[in-house]
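As given in TrEMBL:
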type: COMPBIAS; residues: 7-23; note: compositional bias 'Basic and acidic residues'
type: DOMAIN; residues: 84-164; note: domain 'Smr'
type: REGION; residues: 1-24; note: region 'Disordered'
Amino acid sequence: MMADVAPIDHDTVERTSHPHKPSDAQLARQLAAQRLSDGDPQYLSLDYAKMLKPEDTVGYKRAGVQDGVFKKLRLGKYDIQARLDLHKFTLKDAREEILKFLKQCQRMDIRTVIVVHGKGERSTPQAQMKSYVCQWLEQISDVQCFHSALRHQGGAGAVYVLIKKSQEKKLETRDRHLNRRS
């Protein structure tokens, strides 16, 4: 059945074309991404956000956050320790204010906050601030999770945000749990 099959002389393929070189635009984006960091508000884009509707309920949970923690945040079970109201802010100012606010909260060991962005029913395009704020919160590494607030605290026009523990608080918690075991 396979008597007429001849063995292959070599089993490697030689590349006939040269590797694709990145375009100038791609190189510029790569350099920009390398320069920008969490401390620089420019890493949060003002160019594009997936547009939401004013009444959309939003939520995001970073990998590693327990389902129970996210559920308690979603149901408003955590005490709100600080509030940021972004009404009347431009997108650029809101971006800088969010970063400043979250860093300050983390330094002060504040973990649960509410960010009021408004529904954006009268903005053009609708829900613009809401859309950008939600995108930015996903990109900020200090944000563990967020969810639309309950109706009496702003509903679809606000989000509860859970901020990462500071390094000091992580060590305190670890020591407390180690002491409990011994």
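Cβ atoms here come from the backbone N, Cα and C positions, even for glycine.
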| remark: Checked against DSSP, the composition of the domain 'Smr' (84-164) is 35 helix, 19 strand, 27 coil
| request: For the domain 'Smr' (84-164), would you mind checking the mean pLDDT of the predicted model? | output: 95
